[in-house]
Amino acid sequence: MGLEKSLMLFPLFVLLLGWVQPSLGRESSAQKFQRQHMDPAGSSSNSPTYCNQMMKRRDMTKGSCKPVNTFVHEPLADVQAICSQENVTCKNGKSNCYKSSSALHITDCHLKGNSKYPNCDYKTSQYQKQIIVACEGNPYVPVHFDATV
């Protein structure tokens, strides 16, 4: 009887798995923002090879070299709180961008001019600057790094 019940439930399980599984491999916009821009510890951000290591580690050198990226070295909660700070217009003209009320510790990574894929070579520069992020969702969280000021 237990086997019979299992055989009846198996097709339902397969159907459910097929419905849920595709979303398992998909990264949300908020998760992508965190992968590409958050490094709260930032322990080796003062190293000249920081950007080379982090860009590779965070999958931004697969297939091509991402030309520019910024890492934020602040707690995630502090960066998420920017979504309730000063509303500003995004570079693309949308109205869902917000500017941090204070300067944050960031590292800018710029692809060096002579660098070619697959040997992505970045210049690492540290700053204390305000940042602008685009926010979406419920809860309202950063999904795009728009600029520094």
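Cβ atoms here come from the backbone N, Cα and C positions, even for glycine.
In Swiss-Prot, the cysteine linked to CYS109 by a disulfide bond, out of CYS51, CYS65, is CYS51. For CYS97, the disulfide partner named by Swiss-Prot among CYS83, CYS90 is CYS90. A disulfide bond in Swiss-Prot ties CYS83 to one cysteine from CYS120, CYS135, and that cysteine is CYS135. When the recorded positions HIS37, CYS51, CYS120, HIS144 are compared by Cα distance to CYS90 (disulfide bond), the shortest distance belongs to HIS144.
Non-local contacts of HIS37 (active site, proton acceptor) by the CB criterion (under 8 A, 6+ apart in sequence, same chain) comprise ASN69, THR70, PHE71, VAL72, PRO142, PHE145. Note on the region 'Disordered' (30-49): residues 58-60, 69-76, 79, 105, 107, 124, 126, 133, 136-137, 141-145 of its chain, located 6 or more positions outside it, place their CB under 8 angstroms from a CB of the stretch. The DSSP breakdown of the region 'Disordered' (30-49), given as helix, strand and coil counts, is 8 helix, 1 strand, 11 coil.
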